[in-house]
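Trainee: The structure's right below; bear with me while I get my questions together.
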Amino acid sequence: MLYNFLSIERMSGCWNPGVPGPCLRASLTGLFFSSSQSAPAPAFPGTPGRCHVHGAMGLPLLVLLLPLRCVSGLPFYNGFYYSNSPNGWSPGQGHGEGIFNGVKLVVETPEEILFSYRGANVTLPCRYHYEPALVSPRPVRIKWWKLSENGAPEQDVLVAIGLRHRAFGDYRGRVHLWQEREREVSLEIRDLRLEDYGRYRCEVIDGLEDESGLVELELRGVVFPYQHPQGRYQFNFHEAQWACEEQDAVVASFEQLFRAWEEGLDWCNAGWLQDASVQYPITQARHPCGGLGLAPGVRSYGPRHRRLHRYDVFCFAAALRGQVYYLEHPEKLTLAEAKEACQEDGAQIAKVGQLFAAWKFHGLDRCDAGWLADGSARYPVAHPRRNCGSLEPGVRSFGFPDPHSRKYGVYCYRPR
């Protein structure tokens with residue numbers, strides 16, 4: 001077994017000789033293993049900006065390169081700072097401030113959670129600067145995307161270069177870059193939708209360098225427990241998602257359930273959350289809900305099988321732009337008559353999520369039970385009083401009565 005060597009050295013024809021740069025000053029020595037002896041091969045003809053290769057190679061070859069730290073003159077780069085480049089030039093970054101030795105790109109986004117309402121316009125702040133400051137402006141590329149939540153894929157929102165930008169998916173026509181001040185690249189989202197809440201990343205790309213910041217957006221809303229018409233613990237995870245969507249809501253996240261618990265939500269039946277875990281909030285410990293020995297809190301069954309296990313669900317409904325109201329009607333109605341009555345009034349029968357949102361954010365208070373779109377009968381109490389249920393505010397439920405019974409009125413919803 002013979003050993004052959006490969007030597008790669010810097011040519012004198014490389015531009016700016018004597019200054020560390022793209023061409024290698026030192027030699028890299030590779031060790032090759034050859035199954036037969038071979039004579040030295042002639043070197044490749046040298047040309048400016050290229051490197052000589054000496055020695056011979058047999059097949060098969062195994063190349064062992066020395067660590068790059070042994071090579072002097074390589075550009076300084078750690079993924080965060082600009083590289084040292086001759087004459088202040090760096091590939092893809094244009095001409096500007098000379099040698100960018102230790103110039104740092106910083107992206108600024110707010111640490112606090114931003115809250116807004118469905119249907120509103122919101123601006124997600126993002127600015128960037130350089131340390132130390134640069135005088136001349138530099139071309140950058142901006143990218144906004146929404147981070148994945150509980151296994152969902154990431155969503156591209158917007159990319160921009162200069163005055164040109166492109167939006168993606170459901171964000172088309174609803175987003176644009178807000179650039180009121182120098183180096184401001186905030187994202188404005190119009191007509192917020194229920195699914196728009198989450199974490200967004202603002203990335204600034206300057207040549208080979210990039211930095212990013214995180215903005216968390218939450219919608220004002222209300223968490224409510226929801227059961228199947230046939231009783232408790234009937235939904236697998238996918239059915240729970242569908243059930244919430246049917247009530248103009250989404251499956252609540254743990255953070256949303258935790259905030260609802262802090263505001264006083266107390267519910268003894270376990271329900272699905274957005275991450276496919278099953279939990280329930282307890283503000284007052286009691287025997288049927290885990291016993292008196294456990295402290296109040298959000299209790300967890302942990303992650304459950306999305307298809308096999310069955311529970312209730314906690315839904316999240318955002319604040320409304322429309323109006324929920326009790327329809328004044330001379331008679332009580334069946335479910336079918338209730339739907340027709342709302343349509344005749346220029347509205348539609350309200351959904352459970354809409355009734356909860358109207359109670360939470362508009363103070364809807366009515367002691368009359370009315371039909372809702374899912375076939376349940378409920379009524380909202382903002383100001384508890386005698387002969388109107390318990391002494392706690394909330395949405396009272398009569399369950400899912402016979403749809404042909406004439407014992408209830410109806411709650412309608414009129415969009416704005």
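Including glycine, each Cβ sits where the backbone N, Cα and C put it.
All TrEMBL annotations are machine predictions without curation.
The disulfide bond annotation in TrEMBL covers C268-C289, C367-C388. What TrEMBL lists as domain 'Ig-like' is 119-220. Under the heading domain 'Link', TrEMBL lists 222-317, 322-414.
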Trainee: Only counting partners 6 or more residues apart, tell me which same-chain residues put their Cβ under 8 Å from the Cβ of C388 (disulfide bond).
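Mentor: For C388 (disulfide bond), the qualifying residues are C367, V381.
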Trainee: Return the count of C-beta atoms lying within 10 angstroms of the C-beta of C367 (disulfide bond), excluding that atom itself.
Mentor: 14
Trainee: Inside 10 Å of the Cβ of C289 (disulfide bond), count up the other Cβ atoms and send me the figure.
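Mentor: Its Cβ shell of radius 10 Å holds 19 other Cβ atoms.
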Trainee: What average pLDDT does the predicted model assign to the domain 'Link' (222-317)?
Mentor: 95
Trainee: Sequence gap of 6 or more, Cβ distance under 8 Å: name the residues on the same chain that satisfy this around C268 (disulfide bond), in order along the sequence.
Mentor: Y280, I282, R286, P288, C289
Trainee: Which of the three DSSP states, helix, strand or coil, fits C289 (disulfide bond)?
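Mentor: The residue in question, C289 (disulfide bond), is helix (DSSP, three-state).
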Trainee: Using DSSP, how many residues in the domain 'Link' (322-414) fall into helix, strand and coil?
Mentor: 21 helix, 25 strand, 47 coil
Trainee: Which residue counts does DSSP give the domain 'Link' (222-317) for helix, strand and coil?
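Mentor: Split by secondary structure, the domain 'Link' (222-317) comes out as 22 helix, 32 strand, 42 coil.
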